[in-house]
Amino acid sequence: MYKSLLLPLSGHDGDADALYVATRLTTEAAWLLTFLIGALAMREAAVSAALGVALAILLAAREHLHRFSRHWIGHEELRGLLLLAACAFIVLPLLPDRALDPWGAINPHQLWTLAVGVMIVSAAGYLATRVLGARAGLPIAGLAGGFVSSTATVAAMAERARIQPSLAPLAASAALMSNIATVLQLALVLGLFSPALLAWAVPALAGAGLGALAAAWLAARAVAPDAGTGEAAAERPYDPLSALRLSALLAGVLIAASLARAWLGAESLPWVLTLAGLADVHAAAAAAAQTVAQGGPAGPAQYGLLGAFAVNGAVKCLVAVTRGSRDYAWRVAVGVAAMQVAFVLGAVLASH
């Protein structure tokens, strides 16, 4: 099991070497873990029993784990997973969970948590694309790409639809799935910064997500039976720089919103957040949520969130129209419009 993970780094691909070293390392690791679990039993009998059962399950499933890792985990995948583990289990615990700037806007632990979450979901989408293929994997890749940048995903799928017109409905479905990622990430950001604002936004987010899902499903139904049989996986599990750029952009918008609120008053917040939606709606949502969490009025934050969501949707439609085929553009535009209407109706419902 352990050799299966180490082989991609070592560069040895021989089946004989893999079997020999995998058996040897698995046995030695099992001995060591058994000793440690036995030592733990002196103090924590229940925990050691649970760990013993988990170890037995892993050993029983080692052949399946070997097969999975040999077929689906290569050099790039393993390096990406190790980097992700370092970001989650080494860097994240070291970051302070408090605001460090004079305006109380930048919390390194919250920003890094968001970046790690983006990388985890992108890696999951990459794996799904490799395992399931283009027809099922492309929409999943669109969903995962939306956690990094839904607008960039819409642009990438537009390029694919322009080059391969037969894939236009499938590409549109993937682009609309990226909007579902936007909704999920908005819920994550709002819940992280202000659970109160999330409670208000739940009907709007649910409506927008269902609207995007319905539009994506209708677009996928229009795909020809022989379309999307090629490989659609990306070159690597995730782009760490994209996740870091998202966090940096979010930090900049948080500072801008805090400064605008301090200098111009709460009345300027809707305009600031609406303009921020041109670049990224998640950053605008974080600024709105932080305003409410710090005791600011909820009304301007809610209007700002509505404006940012609307402007961001308009940008996606513009990208689809200017960069994709006509078939792709109208499917994306109709889906985004349905999502926008559902979001507004949900917000109106939550306000009454």
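Counting starts with 1 at the first residue shown.
Backbone N, Cα and C atoms are what each Cβ position is placed from, and that goes for glycine too.
Note that the structure is predicted; figures quoted are calculated from it, not measured.
For the domain 'DUF4010' (118-322), the model's pLDDT averages out at 78. Residues or ranges marked as domain 'DUF4010' by TrEMBL: 118-322.
According to TrEMBL, the feature transmembrane segment maps to 29-59 (among others).
Here TrEMBL flags 80-96 (among others) as transmembrane segment.
Positions annotated as transmembrane segment by TrEMBL: 111-129 (among others).
According to TrEMBL, the transmembrane segment annotation covers 136-158 (among others).
Long-range neighbours of the transmembrane segment (170-193) within the same chain, counting only residues 6 or more positions beyond its ends whose Cβ lies under 8 Å from a Cβ of the stretch, are 110, 113-114, 117-118, 121, 134-135, 138-147, 150, 153-154, 157-158, 160-161, 164, 201-202, 205, 208-209, 212-213, 215-217, 219-220, 223, 227-228, 281-282, 285-286, 288-290, 293, 312, 316, 320, 324, 327-328, 331-332, 335-336, 339. Sequence annotations record features per position, and here TrEMBL assigns transmembrane segment to 170-193 (among others).
Per TrEMBL, transmembrane segment is recorded for 200-223 (among others).
Feature annotation from TrEMBL assigns transmembrane segment to 243-264 (among others).
The transmembrane segment annotation in TrEMBL covers 271-289 (among others).
Marked as transmembrane segment by TrEMBL: 301-321 (among others). Here the transmembrane segment (301-321) has long-range neighbours at 150-151, 154-155, 158, 175, 179, 182, 197, 200-201, 208, 269-278, 280-281, 284-285, 287-289, 291-292, 328-329, 332-333, 336-337, 339-340, 343-344, 347, 351, meaning same-chain residues at least 6 beyond its ends whose C-beta is under 8 angstroms from one of its own.
Annotation comment: TrEMBL describes 328-350 (among others) as transmembrane segment.
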